[in-house]
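A.B. asks: Let me begin by handing over the structure; questions about it come next.
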Amino acid sequence: MSRTVMADIGSSPLPLLFRRRSSGEIRNLATVSSSILPAFGTVVDDGYSHLNKYVIVPYDQRYRWWQTFLVVLVLYSAWASVFELAFNKTARGPLLIVDMVVDVFFAIDIVLTFFVAYLDKSTYLLVDDHKKIALRYVTRVWFFMDIASTLPYQFIFRIFTGTWHDGEVFGFLNLLRLWRLWRVSEFFKRLEKDTRFSYFWTRLLKLLGVIVFAVHSAGCFYYWLARHHKTPANTWIGTAVEDFKHRSVWLCYTYSIYWSIVTLTTVGYGDLHAVNTGEKIFNMIYMLFNIGLTAYTIGNMTNLVVHAAVRTFAMRDSLNELLRYASKNRLPEGLREQMMAHMQLKFKTAELQQEEVLQDLPKAIRSSIAQHLFRRTVEKSYLFNGVSEDLVSQLVSDMKAEYFPPKVEIILQNEIPTDFYILVSGAVDLLTYKNGTEQFLSKLGAADMAGEIGVIFNIPQPFTVRTKRLSQVVRISHHHFKQMIQPQGEDGKIIIANFMKYLQGLKEDVLQEIPFLTELLADQNQKPTEQNEEQQNRETLESQDANPEGRTGTSSLPGESTIRVIIHGHHPSDGTSSDRLGKLVYLPDSLQDLFNLAEKKFGKRGSTILMADGSKVEELNVLRENDHLFVV
């Protein structure tokens with residue numbers, strides 16, 4: 001494949017989304033990094049699945065393997081081209097046959113390139129027209145370079161003249177094979193973007209390859225200078241090896257590589273050194289080149305090492321900043337330990353944090369992952385038992401996952417209820433403080449909830465929640481929770497019923513921490529009895545063919561009215577009454593029922609219901625949640 005086509009694929013940030021039935025699917029998404037994307041607004045339909053006959057798709061898995069095989073052959077060509085120039089007597093040995101076989105494979109690749117579709121950068125669509133593919137390839141310089149680097153010049157000379165020629169011109173012509181090294185560069189670019197391979201080891205292998213090739217090339221060229229000097233004994237290798245031209249090729253190659261490595265590493269033992277002027281000039285050029293190569297290698301190695309430790313440096317800096325802040329503000333030792341433990345846990349679990357890991361993904365993918373991770377936990381929690389699938393999906397998609405280390409407060413008593421939590425794993429303690437003394441109330445485990453009482457009643461959090469061990473929780477915002485529940489009437493009734501059932505099962509010492517809960521639960525137990533009596537009366541009236549207009553309109557369905565109000569037994573302007581805190585009750589179905597309920601609570605019967613601003617209430621359907629009513 002030509003360099004142009006390969007460059008379009010490797011350097012373009014656009015992944016290959018075009019499919020072709022005969023080429024198969026992309027089996028690993030890691031390979032998308034080197035593929036082609038259509039431009040914004042381009043419609044990719046099924047028509048791209050049917051390219052012209054005998055057209056090769058660049059991302060086809062079989063074609064990728066062919067390109068990888070050619071990279072192996074390129075490595076051989078790069079080594080042999082320089083080696084045969086320095087040691088020309090090897091050019092007609094076994095290496096000649098290997099070279100010709102390698103050239104055959106590259107000749108096949110030139111033919112295949114005429115059938116490889118390419119990306120039109122004006123439309124960002126794959127071009128599969130054979131004439132356009134061929135015209136594009138032959139009008140670029142890469143076609144001529146591919147031909148020049150593939151022709152077997154010595155063999156062609158042998159065909160036309162009938163004799164072999166050992167001239168240096170063929171050695172320099174063979175250096176055109178170094179043109180193929182661009183394939184190796186593109187290959188490593190693709191590997192660096194492929195998540196199946198370690199970036200560190202891929203980059204390290206690339207650096208090692210550059211160094212080895214530099215050592216090999218320098219050693220061969222240095223030997224070539226000595227072999228062509230008019231006085232062989234007056235050369236760097238002639239002073240160490242007598243009659244080196246007639247010695248073993250591999251012995252001379254060993255000396256050359258030894259000198260190249262010693263010079264590259266700036267060791268300079270002095271046993272092999274430049275003797276004549278040409279060698280000294282070459283030494284100076286090589287050492288200047290080594291300065292750049294060393295800087296390139298050290299810079300890349302430093303970058304790899306620092307990249308591996310960057311998270312550690314960031315954690316240490318954050319911890320030091322926390323310590324300075326704690327010392328400056330004289331925070332207590334216990335609070336310092338909590339801050340340090342939380343920060344350390346944050347870095348240890350950074351790869352598990354949903355927000356940090358998934359923030360760059362589309363919302364649909366984030367929601368699917370959240371459904372997979374937390375849906376079962378939400379369904380097991382008591383509050384959402386029996387609610388619709390839609391509500392559960394909405395709740396899970398809006399949750400935020402968090403980790404807390406041991407002995408850290410998730411919720412503080414009397415704080416504003418902004419969120420509530422569901423435990424995914426771990427355990428927490430429910431605590432309260434009386435007269436400055438901490439008291440243990442209960443223990444919560446996986447699928448249990450914390451903070452929901454304060455959120456649902458819209459009161460300051462009644463308890464402190466502290467972790468016992470490393471705990472993972474999902475957090476639900478109070479605001480988002482109300483937004484999701486309001487349009488879901490049936491689900492709201494189920495949640496209220498689950499919540500009341502949960503409250504009824506709480507321990508006595510827990511109920512005592514929330515004074516109005518006892519009265520609320522008592523009212524809740526009486527309400528079904530009253531509603532049953534009303535249902536019986538209505539059925540009696542219906543059986544006697546009572547006039548429908550004479551009905552009171554009271555509802556027989558328990559829990560149909562879920563509006564809660566706070567009633568007071570005094571005038572709004574009276575602030576000294578003993579019952580000024582009021583009673584939290586469910587709003588009855590009629591004004592008469594409200595007067596009866598107020599008489600039961602305060603021991604006196606009223607005749608007027610006023611709002612906090614003194615306005616008179618004449619209809620109950622205008623009241624809202626948590627309104628204050630004054631019965632006088």
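For all residues, glycine too, the Cβ spot is worked out from N, Cα and C.
In TrEMBL, annotation is done automatically, which means it is predicted and not curated.
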A.B. asks: Have a look at 138-159, 248-269 and point to the one annotated transmembrane segment in TrEMBL.
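C.D. replies: That would be 248-269, the stretch labelled transmembrane segment in TrEMBL.
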A.B. asks: Give residue numbers and ranges for long-range contacts of the transmembrane segment (200-225): same chain, 6 or more residues beyond its ends, CB-CB under 8 A.
C.D. replies: 78-79, 82-83, 85-87, 184, 188, 191-192, 235-237, 252-253, 255-257, 259-261, 263-264, 278-279, 282, 286, 289, 293, 296-297, 300-301, 304, 308
A.B. asks: Short question: which residues 6 or more past the ends of the transmembrane segment (248-269) have a Cβ under 8 Å from it?
C.D. replies: 83, 86-87, 89-90, 211, 214-216, 218-220, 222-223, 236-237, 240-241, 283, 286-287, 290, 293
A.B. asks: How about long-range neighbours of the transmembrane segment (64-83): same chain, 6 or more residues beyond its ends, C-beta under 8 Å?
C.D. replies: 1, 6, 31, 90, 95, 98-99, 102, 105-106, 109, 112, 174-175, 177-178, 180-181, 183-184, 187, 213, 216-217, 220-221, 253
